[in-house]
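A.B. asks: A single structure is presented below for examination.
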């Protein structure tokens, strides 16, 4: 018997219902519905009638503002009603709490579930209801409409058997059939597997095949990055080597690079800090809420699984989507609408990060129509760890394999292999099980337990169960010594899983620990204190094999050598003269269609106001404050530079600074940079831009490049010849910039599956993204700045050498529809000096505020500094004409006589040259002292009146109304997150 | 002077415990992290502390309602210990999720253990709000916080913070002088305007005490502004004293003197 309890608000409306109503009107344009109410449905099974009533009163129902119905409907006289629940087998995080509360009340309750019921009033056509259901309420991957109440909530099933896969007899085409949609291995790799088993004269088990596919997946092994690369007929160093050799720069800072779950650098007083950035594109594209949650969860565990366990101190989120107003006919089959993805991804990050208590205090959102088939979701996480346990740790022979945290279920099977494949219209249906809903509290208590285990010295080695599950975690930990696993000991969410499913399941919130047997008892006690399940499932046995059994039946028995080194180095070729595949780009590659026609110059003052507002309201420039305010960016109390500051706390800052040890003034500065649009036009130049932008953000907060490290994320289309060439260029940009700046990369990840294949076979390449993250240490957070203008009458200085001639890929050109392949050129000669001067000016307290110039150009940077300062400015564009590399040159010569001839005022205002800054200083003398020897211009001054007045010499070009600009800048995201 | 011992109560999902620990320590108390399982298992005793502090977070995921599952646990297992603690003049502070828990145990506002009289409902905005607001301390029964005209800048980080009750209950809360903090506008007047009042709380109520004045609960986070650099505008406003400090100073002083 299942008891049904429904709870709804006492008032005639509730926020969930109203939100849905608004969404239906806004997104679907359906206006005939008058009201929607929602009710939470609880189902309780294995409980007595009186206990069910008692439980409802004590736990579920709060009469102050709610009404309840017991075993009967709660709404009457509605026109339509639907109920939405998680599918059976998808873990509903709330159920654990219900069972706990029942147990605390000494009530017997066997199973429970929750769902949501929506009642509609007004004219609701069946057709509309089905659109509402499909587009707004139900993600079929994890949810369903409840048509008939379930007969039982208990999931059971037959225990799966171990099957043999007769690969030795399969033809090439049969091998590929086996690989498709499941293993994602290529013909050569399948043949290596076939040959290996032929050699040892037996067929593999299903588990062995799965373990090999997971271990050899692009996601886990980075075949392209490790490949022998032949570019234009010449052998080049593998991509991964080019990146990793940068770890030779600034060696004394680095504690561990590219060997552990995150990169680690030195901090102060015997502490170290670590950083990791992951992408979670494929899951987020098909189930954005769950995908974003598990993305956050995974990257938190990466930091937790560093050394002997690092404390997670900050999180970052970087998204790329198609513009929210993309017409629905442009959305490829099997893909979700971009505004839905945006809202759901944000909700996922919010609900996971907030609950785990990690401040999400840095991030950005970018838009380009070509993200319509697959979004890019980058999630970063940063940690603090005692230096003496910060290096990667290894198990010893005899150590126990202990799994802690969540139980294993069927969820998340094939995540590693699936995220390595391209996306098609079938991805959502075939691979739905690769996505799951995260349980943040499971993760939080596990994190608490790990901190305690670490502090008591009970951990020998630790790693997270991410992609590839036990297979990956145990396989990697035991790589050198071998592991023996008794799979029947693994705690399961429900029965009925096949052994291979248990072994490769990517159920979230699990860590694998190597624990010395003599520490086991104490470790288990600590886990119990935190309500965390800890189970010994095997040991590291010295056999140099990966041996897995289930109830004594053999499941897997592979040599570690073959598993980890059986895959030969790929040879990949690419040439500059590439064969273009059939492209479906909304934006054609502008290099091929150069439109030399430049836009007309804005003439009237009104034109200027209009174009400023257009640029400021562009998705890549507009304020993201509504998103940031939903993230708990202030938990842990460590922020020393908040995402927003200024008179009205709405001026955006370039990065975040946290003070992870509250008693100390030491800071960790975290920033990032990317520009998919520029990467698309010019992979090398766009990558340089992304790196310089990331570092500029870091400098702009007060960081020093001598104390910082870089993290790379390549989110790239499937590496066909063309994309591989672009990737090679981008990697060269990374290695060139690291050399120039003497900054090491210490962690990174590539995800080479940003390709979508239409049913017709036509291909859509998602814009390549090089996401660069920077983190570093500063000795005193009090010697840093924010971007808001601090006072009236200050001097505004433009520092660095902008390229006022090339605006290809800029927001300004995008707004005007102008194509140009010439992206801004960054002056690499002066860059290091520019960085050094800004750092010095900030550290010495002479720079009052600083903002780097990026999307939206100088205009956007200036406007944002004014928004923060709630003040205006007077700027003189002619000042930049006199800017030279020669120290101290400042003249009033007329433009035509100077090298800056014919500089267009709109180009000056909207050029997006990374590596240039606007800084506020008290007076021009300070600027002269600070910046002599590098390119700079005294650009203007701050004024009380909330107007941006633009002059060119004595000529007044325009006077822009700051409040109107701010409204344009804030409106787009306010409308999406109303 | 002896440092008062503070029990920082943690459980699954507690996440503002470290900054709360730091705040108490900074102003001269001796805080200790205590997991609710340690109280249940009797390896730690509430009676050895002078102040019980419930930090912010998402206890048990805020499943069903914020703080609900922890409230059920406290009512089921720690009823006697809590009642004894209160009767022996211990002080209780609940911040954010801690406040939600205290309300759901019935300890606030009327010290009706096991009976809920008011609620902290979902924010009117329908979403989690992480922002800085201004509050003012009114004259109330609270034994350790005095009314003042000073405007206090303070962080809120919650999704369910709307103080809500039947009109007659609200009246009783007001009549008994249980309102300690209210959200105010720049002129210092209580406000119902979003986002100055970030959740739509009735009578702009941000924090309350019980009739004994020993139990204090509030949605905003004083522990997140006990150092100057924790405030987003420390670079432009000259802050001489962090605005959250007084609550800890006063509470510790009171615990020492009584």
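Quick reminder: no glycine exception, Cβ is built from N, Cα and C everywhere.
Note: TrEMBL annotation is automatic and uncurated.
For reference, TrEMBL lists these features for the protein:
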- A:219: active site (ACT_SITE)
- A:280: active site, proton acceptor (ACT_SITE)
- A:276, A:712, A:748: ATP binding site (BINDING)
- A:278: Mg(2+) 1 binding site (BINDING)
- A:302, A:464: Mg(2+) 2 binding site (BINDING)
- A:584-595: compositional bias 'Basic and acidic residues' (COMPBIAS)
- A:260-384: domain 'PurM-like N-terminal' (DOMAIN)
- A:396-549: domain 'PurM-like C-terminal' (DOMAIN)
- A:666-752: domain 'PurM-like N-terminal' (DOMAIN)
- A:792-950: domain 'PurM-like C-terminal' (DOMAIN)
- A:578-600: region 'Disordered' (REGION)
A.B. asks: Considering only the binding-site residues A:276, A:278, A:712, A:748, which fall within 10 Å of residue A:302 (Mg(2+) 2 binding site) when distances are taken between Cα atoms?
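C.D. replies: Within 10 Å of residue A:302 (Mg(2+) 2 binding site): A:276, A:278.
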A.B. asks: What same-chain residues, at least 6 away in sequence, bring their CB to under 8 Å of the CB of residue A:464 (Mg(2+) 2 binding site)?
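C.D. replies: Correct list: A:261, A:298, A:301, A:302, A:304, A:305, A:473, A:510, A:511, A:512.
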A.B. asks: Give the maximum pairwise CA distance in Å, whole number, for the residues A:276, A:712, A:748 listed as binding ATP.
C.D. replies: 9
A.B. asks: Around the ATP site formed by A:276, A:712, A:748, which additional residues qualify by having Cβ within 8 Å of the site's Cβ center?
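C.D. replies: Once A:276, A:712, A:748 are set aside, the remaining close residues are A:263, A:277, A:711, A:713, A:745, A:746, A:747, A:749, A:773.
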A.B. asks: According to DSSP, collapsed to three classes, what secondary structure does residue A:464 (Mg(2+) 2 binding site) have?
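C.D. replies: The residue in question, residue A:464 (Mg(2+) 2 binding site), is strand (DSSP, three-state).
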A.B. asks: Round to a whole number and give the Cα-to-Cα distance in Å for the pair the residue listed as 'active site, proton acceptor' and residue A:219 (active site).
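C.D. replies: A Cα-Cα distance of 11 Å.
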A.B. asks: Near residue A:219 (active site), how many other Cβ atoms are within 10 Å of its Cβ?
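C.D. replies: Its Cβ shell of radius 10 Å holds 27 other Cβ atoms.
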A.B. asks: Residue counts in helix (H, G, I), strand (E, B) and coil for the domain 'PurM-like N-terminal' (A:666-752), per DSSP?
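C.D. replies: Tallied per class, the domain 'PurM-like N-terminal' (A:666-752) gives 49 helix, 22 strand, 16 coil.
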A.B. asks: With every protein chain in view, what's the tally of Cβ atoms within 10 Å of the Cβ of residue A:302 (Mg(2+) 2 binding site), excluding that atom itself?
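C.D. replies: So the number of other Cβ atoms within 10 Å of residue A:302 (Mg(2+) 2 binding site) is 28.
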A.B. asks: Give the residue counts of the domain 'PurM-like N-terminal' (A:260-384) per reduced DSSP state, in the order helix, strand, coil.
C.D. replies: 49 helix, 41 strand, 35 coil
A.B. asks: Take the domain 'PurM-like C-terminal' (A:792-950) and average the pLDDT across it for me.
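C.D. replies: Across the residues of the domain 'PurM-like C-terminal' (A:792-950) the model's pLDDT averages 89 on the 0 to 100 scale.
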A.B. asks: In Å, rounded, how far does the Cα of residue A:219 (active site) sit from the Cα of the residue listed as 'Mg(2+) 1 binding site'?
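C.D. replies: A Cα-Cα distance of 11 Å.
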A.B. asks: Return the residues near residue A:276 (ATP binding site) by Cβ distance under 8 Å, restricted to its own chain and a separation of at least 6 in sequence.
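C.D. replies: Long-range Cβ contacts: A:261, A:262, A:263, A:299, A:302, A:303, A:306, A:380, A:381, A:382, A:711, A:747.
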A.B. asks: What whole-number Å value do you get for the CA-CA distance of residue A:712 (ATP binding site) and residue A:278 (Mg(2+) 1 binding site)?
C.D. replies: 10
A.B. asks: Whole-number answer please: how many Å between the C-alpha atoms of residue A:278 (Mg(2+) 1 binding site) and residue A:748 (ATP binding site)?
C.D. replies: 8
A.B. asks: Among all the protein chains here, how many other CB atoms are within 10 A of the CB of residue A:712 (ATP binding site)?
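C.D. replies: I get 24 for this one.
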A.B. asks: Which residues of the same chain, at least 6 positions away in sequence, have a Cβ lying under 8 Å from the Cβ of residue A:748 (ATP binding site)?
C.D. replies: A:243, A:258, A:277, A:711, A:712, A:713, A:714
A.B. asks: Taking the recorded positions one at a time (A:278, A:280), which has its Cβ surrounded by the most other Cβ atoms within 10 Å?
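C.D. replies: In terms of Cβ crowding, the pick is A:280.
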